[in-house]
Structures are given as C-alpha cells and as structure tokens.
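What follows is a short report on a single structure.
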Amino acid sequence: MKVVEEQDRVRVMEGSWDVWGAIQEIVDTGTQEDPFYVMDLGEVIARYNKWKELLPRVEPFYAVKCNDDKLLVTALAALGAGFDCASKAEIELVSNIGVRPERIIFANPAKMASHIRHAAAAGVSTMTFDSETELLKIKQLMPNAKLVIRIRCDAAEAQCPLGIKFGCDPASEAPRLLKLAAVLQLDVVGVSFHVGSGARDFAVYAQAIQFARALFDLGGCVGHRGMRLLDIGGGFPGHSGSDLTEVAAIINAALAKHFPDPSVQVIAEPGRYFAAAAYTLAVMVHAKREIIPKESSGESHTMYFVNDGVYGSFNCVLYDHQVVHAEPLKTYPGSKPLPCSIWGPSCDGLDLVCGAARLPPLCAGDWLVFRDMGAYTLPVASAFNGFPLPRVRALLDHRHAKLLKDLWPLTEAHFMYGAPLTGPQLPEAATPAAVAAAAAAPRRVRRVRAQVTTSRVLRGETMGIDLHRLREL
C-alpha cells in the first residue's frame, strides 16, 4: 500500500464552511507567517460535473502543466479524467498515481529523444507532431506510436497565444506532413489544435473543427484510414464566475456538423478550467513604505511588501499575463481605499505584484487574499532569494468526501477528519500506531513568548507603540 504524504491529503470540513473563513481560522492561530493556499476540492468536482453536463461527448484530458499538485491530479483521475502530459516528469507523475497509458496523451509537438524513449517504456503511445523533424525522430525511436497532427488555429484574443510556437498550417503544411507520415509507414490516428490558453474568441473552435474534418478526409485518402481521435485542445475559461455554456454550444454544434460519427473519440486539454478557481492564496504584509508626494497637490502612495512575489506564485503576472486583485482578509469599517502598490519579498526591483491598487490603510501583519490563483502559479514558482513557496491546504465538505473516497486511486488515507487546519491530521480510520506517532510528532514552537502573535509584534502592540499616532507626528 502506498504511503500518502500529508501534503497529498485533504481535510474534510465539518458543517458549513467557506474558503474565506478557513483562511481566517489559519491566520487567527497567530503562528502563520508564510504565504499559503487554500484549495477547495469541491470546486474541482463541481467543474468536472459541469463539463460532463455541457460537453458530454468531449473527454477532458487535464493539462498537467497548469498545476501539477498531486492531490489535484489524483482527484481528477478518480473522477475519470485523462491527462495531457508534455514531458517525462509529467508522464511519471500521472503513471505513478496509477493512470493507464491509454488515458495519457503526450501532447508536446517538439519532444526530447529521452522523453520519447520514456513514453515508449511507460506504454504511452499517443503523441503529437507538427514537423518533418518530429516525424523522423519518432520513426527512429518509436515507430509504433499513434500520432496526432497538431494544426494551428489561433483565437483572435487569448491570454497566452500558442500558435507562434506550435502547430502546422492546416492548408499549406499539414497535407505534406500527412503524406510523409504515410511514406514513413507511421500511424496518424487524429488531429489536434489549441486555440490559445485563456481564449476569449470562442468562434475559433468551430473553424478549427472544420479544418480538422478536412484533414481527416485527406488523411484517409493518403493512407491513414484509422483516424479516429480529435483533440480540441485547451483555452477554456477558469476564473470564478466564468461560464462554459457559450463555448460548449459552439463546440457541440461544430462536432454535430463535422463529426457526427460517434466512433470518433473527442478529447480536450482543459487546464485553468479545473485549477484556477479552486485555489485561493493568502499573503501577509510584512513591511510598508509611505511615499509622500513632492507637491502638496499630489496624492500619497503606500508600498506594501508581502511574502510572495513574482518569483513565487505571482510569476503568473509575468508569464501568464494575469491581472491579480488583492482583497484584505479583514474588514476596515470607515476606512477609505487609498492608492498603493504591492511588492514581493525578493531584492529584485522587478518583483512588483500589483502596481496600481486601492486598499484601506494596512499595517504590517495584515493579510491579503488573492482568488483564482490555481493556474500556472506554483508549478512555475521558485524559492529565489531563499523565500519559501506557499503550502497548499486542501479542503472538502463531507458530501463530496463520501463521493470521492471510494473512487480509485483515492483511498481513505487521502481524507483527514476532525483535525485543526494548522495541526497534524489523521485519517478517519487511523490505527492506534498512527495515532501514537502523530501524538509524538514534534509540534511547532511559537516564536514569540507568552503567545505574542507575529502580527501584534509587527504592529508594535507589544512595545506600547501606537503606530497610527506615530504616523501623525
């Protein structure tokens, strides 16, 4: 039996709860200094069910690159998702969870030779290509691969356009590549495309599906008579409140028109759709700096320094083109929002999280919350300058826990019951030995005597200093 590490477990919440309240409970212990995530696994389940309702013919193959949190991947596997992997490490992660090779597509059109050899050893045979070089490489390393030609069809608006790097032209390049694959006696089984991550031009899916239909027909003419896989890629909305209805209607209509044959398997590669809204990030203000305008008519500005930045979770600001929004954890009755900027903890001047925000006056020790932080954040983060990456605390309600705990590869050991959010957590069916081991586990020592919390020290409360009065001097 595999050991389930603590970071791969989910705490089952008693009664009614919400993410905001859970964050407040963690902060209220007074021992929390590092940034942390709260993951609502119920949000993932709800989105999976909505996908199956609105896109019943399209099988979701989760894009592991979006967020490779092992618990998230395991939960999606339990729900029935397949996986889009782009590297040896991602294939290993998914395979080690127990996902069958046929539920994995190696969706990287420019693969390293060693990664192709690993895929072959792991039994992952379905993979994409978009060039002659890739075909020749696969012919040499894995001639029995099931190939999917990736074509380019870009959305007019997308958060991260991908066509500049991947995808052959469906009219001028794809026919030649299909013919070359036939000459090389390679088996092309389908067509894939990706309209761009975070697409906002949904009509492009219909156009891409039409291109794919033409290539299915051409493929049959040049010798690829077993084409039976259509991969419509990613680009699906994932932020809180986003709606799948519009894009689903466009896709369903295009599939009904161009691929009415139910024997054609249709898959997609949603990433941020499942991950983004499920993760909420909490960061602490550890320093601030008041910028006084040189002219009396100017407006003052406050710089807030928080314990996560663009080298950590907020790399999404630079690389995923996300616009993040900070919300104070607690309320400030009667306080007027004032101009401010939010900076990360590193020594780099580039470490700017948000350059133009408006927040009530905050003190060192206060907390800010950022919603929709599950996509392209932690997988890309580093501990630059020695600042630790946030820990993820996964939460789930009892109703969903009952649904998931009997779905392989999840087990009872993945679910924690009755433990405080910041303390050691035990499985519901914990053995006496496990209970004894948890009781003997070293507990975190408070860093301030007499249970003086970090936030109180930062505010100057323990030294009898009134910082608000000090600012008036």
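For all residues, glycine too, the Cβ spot is worked out from N, Cα and C.
Nobody curates TrEMBL annotations by hand; they come from automatic prediction.
What TrEMBL lists as domain 'Orn/DAP/Arg decarboxylase 2 C-terminal' is 36-374. What TrEMBL records for 41-276 is domain 'Orn/DAP/Arg decarboxylase 2 N-terminal'. Per TrEMBL, the feature N6-(pyridoxal phosphate)lysine maps to Lys65. Taken from TrEMBL, the feature active site, proton donor applies to Cys347.
All protein chains considered, the CB of the residue listed as 'active site, proton donor' has 8 other CB atoms within 10 Å. Cα of the residue listed as 'active site, proton donor' to Cα of Lys65 (N6-(pyridoxal phosphate)lysine): a distance of 28 Å. All protein chains considered, the CB of Lys65 (N6-(pyridoxal phosphate)lysine) has 21 other CB atoms within 10 Å.
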